[in-house]
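The structure appears right after this line, and notes come after that.
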Amino acid sequence: MNPSCGRCGTIVYPTEKVNCLDKYWHKGCFSCEICKMTLNMKNYKGFEKRPYCNAHYPKTNFTCVADTPENLRLKQQSKMQSQVQYKEEFEKNKGKGFSAVADTPEMQRIKKTQDHISNVRLSVNTHTVPVTGQEQQPPPAASKNYNYEPAAAPGPVRQAAAAPPPSSGKRYQAVYDYAAADEDEVGFLEGDVIVDAQVIDEGWMYGRVERTGQQGMLPANYVEAI
């Protein structure tokens with residue numbers, strides 16, 4: 001039985017038969033779908049089992065992948081592999097207490113800034129001396145004021161180191177160490193006994209250090225009566 005033509009649908013006899021694109025055609029019917037130019041086995045291009053010339057062959061911008069059973073199986077297999085990999089990563093990082101963070105330029109800048117702040121804080125803490133208790137400091141010595149009367153010129157000038165006449169002065173004990181700052185002063189250590197002490201002015205007195213035998217001016221707020 002002779003087949004029918006793929007174009008006109010009439011019977012195709014062997015002498016005029018063209019077998020192409022899974023169909024049989026009359027030689028005159030095997031033409032371009034658009035311009036109807038007669039084609040042959042050398043210059044035709046098939047699309048969806050229809051013949052086209054080179055000029056009118058449909059241009060496709062993308063390739064469509066059919067959801068064949070094989071493609072569906074590969075898609076399902078890829079999805080399962082992704083789930084298995086995610087589960088392995090989760091089990092690996094579980095219990096570590098942190099999340100992996102990508103080492104991006106922005107994260108590197110933030111990390112560098114944090115390191116710099118930590119170094120500054122460490123430097124400040126290193127140079128900070130903790131105060132555990134306030135050390136008792138001796139009070140400042142009062143300024144000397146002898147209440148000297150202006151000497152009438154050309155009268156003699158009073159010598160500051162001259163000692164007053166001996167008297168039965170009080171006895172004092174030093175409560176702080178004191179180093180003499182002027183020639184007319186006397187130094188002493190804490191616990192020294194000051195004898196023949198006389199108050200010369202508010203804040204200052206004259207006396208003799210019993211331990212050294214030296215005598216001179218000394219600050220009254222560094223000693224106490226005994």
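Placed from the backbone N, Cα and C atoms, the Cβ positions cover glycine too.
The feature compositional bias 'Low complexity' is assigned by TrEMBL to 150-162.
Annotation comment: TrEMBL describes 3-63 as domain 'LIM zinc-binding'. Helix first, then strand, then coil: DSSP counts for the domain 'LIM zinc-binding' (3-63) stand at 3 helix, 18 strand, 40 coil.
Look at TrEMBL and you will find 167-226 tagged as domain 'SH3'. Regional average pLDDT for the domain 'SH3' (167-226) in the model is 90.
Annotation source TrEMBL lists region 'Disordered' at 130-169.
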Helix, strand and coil residue totals from DSSP for the domain 'SH3' (167-226) stand at 3 helix, 31 strand, 26 coil
